[in-house]
Amino acid sequence: MELNGEADLKSPLLQCPNDVVITVSSPNQILNKKIRTLVFKVLGITCSSCVASIEAALGRLDGVQSVMVSVLQGQAVVKYVPEVITAKMIKEAVEDTGFEVAEFPEQDIAMCRLRIKGMACTSCSESVERALLMVDGVKKAVVGLALGEAKIHFDPNVTNTDRIIKAVEEDAGFGAELISSGNGLNKVYLKLGGITSPHDLTVIERSLQSLEGVNHVEIDVQEHIATISYEPDIIGPRSLIQRIQEAGSGPSTYQAILYTPPRGGEAERQQEIMMYRNQFMWSCLFSVPIFVFSMVLPMLPPYGNWLGYKVINMLDIGMLLRWILCTPVQFVIGKRFYAGSYHALRRKSANMDVLVALGTNAAYFYSIYIMIKALTSESFEGFGKGKTSNALAKLTELAPDTACLLTLDAEGNVISETEIDTQLIEKNDILKIVPGAKVPVDGLVIDGQSHVNESMITGEAMPVAKRPGDKVIGGTVNENGYIRIRATHVGSETALSQIVELVEAAQLAKAPVQKLADQISKFFVPTVVLAALLTWLGWFIPGQAGLYPRAWIPTAMDAFEFALQFGISVLVVACPCALGLATPTAVMVATGKGASLGVLIKGGNALENAHKVKTVVFDKTGTLTVGKPTVVSSVLFSEVSIEDFCNMTIAAEANSEHPIAKAVVEHAKMSLQKHGSKNDHFTEVKEFEVHPGAGVSGKIGERAVLVGNKRLMRFFNVPLGSEVDRYVLENEHLARTCVLVAIEGTAAGAFAVTDPVKPEAARVISYLHSMSISSVMVTGDNWATASAIGKQVGIQKVFAETDPLGKADKIKELQLQGTSVAMVGDGINDSPALVAADVGMAIGAGTDVAIEAADVVLMKSNLEDVVTALDLSRKTMSRIRINYVWALGYNVLGMPIAAGVLFPFTGIRLPPWLAGACMAASSISVVCSSLLLQYYKKPLRSNTARD
């Protein structure tokens, strides 16, 4: 995998241009109009007049469709026609108005996925990858052998998908078809009705084009199928259907229903299976008689006597029949090997096809030579990938087909219930989930209580209680209660869709250990050819010189023929196919198995790094602890009233998202209610500032307020008396966190917050120790609380009072000591440390943006999955090494035997047909070895799971 161009490190390779393309296509008609969206920052915008001047300057440019400038965000969104105006011209126009442009995309990057047909080994995927990277404009290309897919990032201004497909087909010699282009995430297919003329399609196309949030419209004129990409935050499929229906007028009435296109991947796999099955059956039709004529009938006289009847000279019927039957197998059924060899040799490389073609042709033409010799002589005597993706297929089938949509009045009463297709669900829809039904999409419970079985998503065996305000995940099963939910994530944004996408990406990625196989494969074929040549020479020259007994050579065979059989056997037995399967099959099975256990591993790189981990760094809040802090006590240190104290605290902490801040605010509001206060409106804080790892500060009215730990108080020189120190010390020894409140430079009061330790924490730390993995805790909390928590769970090395960037620094310090480090965090403020670690693990973040920062995503908040991830990685790497033993074992043992090392001592030879069987057996052994990972069991299981 390589990059083209010097600016690639700055290129947003994982982002796609936001194009709006409206296409009406048929075999004879294509109408294409492209509008591109450009988003960038504009510095210095202070008022509406600034906005007006920028919008006016850009609005005068030809090709600019619309301009939107936000004062609050300092951001401009420009829609333009790239054929008329360039992004650079837009940037220059903004700069000419006197404003500075920032975060401007240097180049457009698009992404497409291709299905590659005919790949059989690592050399094949390497060939496709090299061909793709040679295309001008291609920035990055990854080819996955196990999935049979390629993911390409390219500059759409330089190349397009047609050229990319052409490169695969013509330069690499493999079949290719487009799976998706652009992001392809939120897309709906609609079957159109009421179409009587092409004009109707134009009306529908223009009607859909005018809708805000529609990115891409493509209509098949013959099939009357519309493919529409849209923004789910703005519009949904039901609105699209309604718009199509409203587009008709007078006698023209249009209808649209949801259409499910055939699964291209599944259809392609079935077609490939049928092709190989048919080829196998045809091969058997010719090969089985050859086997019977050669090995069975000669042993059963007199039934096989007729095979020895001479036709011409020493050419008998058996030999003639074998030649007639094997020729179609060699040149008709096996023609794909010739095609693959041609394309490989044309680009000056050698793959498995070259080796198979060489081996089989050597054996075939050697047999032709023997037959010709018999004809002219009067005295002559003759002589699996499917199952690895099952986990992925099962995930995609978890979501139900239909859902119950509720329509409510202003008071929340149900007006109507409608059963709709799950794909028609839009954000903020209210859905009814009855007992035993599947949750269709991610959402929030707004009414009712129940228990939801999330085992199919998270691997958690026990049903999880759900009440109003709790999140539910699409694809899970409602156990025993009636609930209503509000849809929050639909389409590609659901946790299920993200899991599927993540597993696909993991199975497409290569492990670094596979580089060894790739390097071996590059040189293996020429090495084998050389070894076969040397073997032939090693037997032929001594035979001619009489250096070994003539009795070793079979009757009616000379030294040339005798040596040639050894050379052919070496050529056939040494195919590197199994070597290329050793890593990708194991990674594919492991990532699929991990997904079924709620552990999402981002490909081979994360797997390989995880198995090397010797130190695991844990965050405290939300990782080692439950993550739901509660205030257990509060105290006043000054004459300030409890009402004033609580109001000040609430106003200061209201803007903080930290769990402890939320607990403090909730407790302060409850205290106000206990003291009879019904104030629901609090003074807005001014000059609000967050001090990472310390607390917050701001001004409420004319008074300065600080809310945070002792470090924040010391930073602002707030004196803390003996009463404060005593309260803090007592609570810290009880593993509680003290939140101090200072008003106008004086300590006004404090809250003692506790966050219970997870019940499995101590057991996980102990098990990691048994795996020779040390544990470290890094937290922003105070030393006393951190030490108490560390002692409670069994962690001896603790770093406290550390801000988010300080956590990343601690990771780097540990790495400098020569240890491989994994970081486990809740993904909220641990992103810098997750990125800095060799392996970042986001715990309890299955639907959170921590997916982007972490290498491993643990769907549950259970620390046992940390052990599962590390243990699975070790088992997988061990399995890969075993696979290499299987792959290389056949070569290491088979090649010397094929070369005739044992023949002088035992008379044992490896004939070419048996060498071919050994070659196939090595690949089967490797695939079966990888499939054993499907039986992996978690080393630690929670008590609830066991019960």
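The backbone N, Cα and C atoms fix where each Cβ goes, glycine too.
Some features that TrEMBL has for this protein:
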type: DOMAIN; residues: 36-102; note: domain 'HMA'
type: DOMAIN; residues: 110-177; note: domain 'HMA'
type: DOMAIN; residues: 186-252; note: domain 'HMA'
type: TRANSMEM; residues: 280-300; note: transmembrane segment
type: TRANSMEM; residues: 320-338; note: transmembrane segment
type: TRANSMEM; residues: 523-542; note: transmembrane segment
type: TRANSMEM; residues: 562-583; note: transmembrane segment
type: TRANSMEM; residues: 884-907; note: transmembrane segment
type: TRANSMEM; residues: 913-936; note: transmembrane segment
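Put simply, of 280-300, 320-338, 884-907, the stretch with the most CB pairs closer than 8 A to the transmembrane segment (913-936) is 884-907.
Below 8 angstroms of C-beta separation, residues 307, 318, 321-322, 325-326, 328-329, 333 of the same chain, each at least six residues beyond the ends of the transmembrane segment (280-300), sit close to that stretch. Look at the domain 'HMA' (110-177): DSSP puts its residues at 24 helix, 24 strand, 20 coil. Below 8 angstroms of C-beta separation, residues 517, 531, 535, 538-539, 548, 552, 566, 569-570, 572-574, 576, 578-579, 581-582, 915, 918-919, 921-922, 925-926, 929 of the same chain, each at least six residues beyond the ends of the transmembrane segment (884-907), sit close to that stretch. Sorting the domain 'HMA' (186-252) by DSSP state (H, G, I as helix; E, B as strand; all else coil) yields 23 helix, 20 strand, 24 coil. Counting residues of the domain 'HMA' (36-102) by DSSP class, helix then strand then coil, yields 22 helix, 24 strand, 21 coil.
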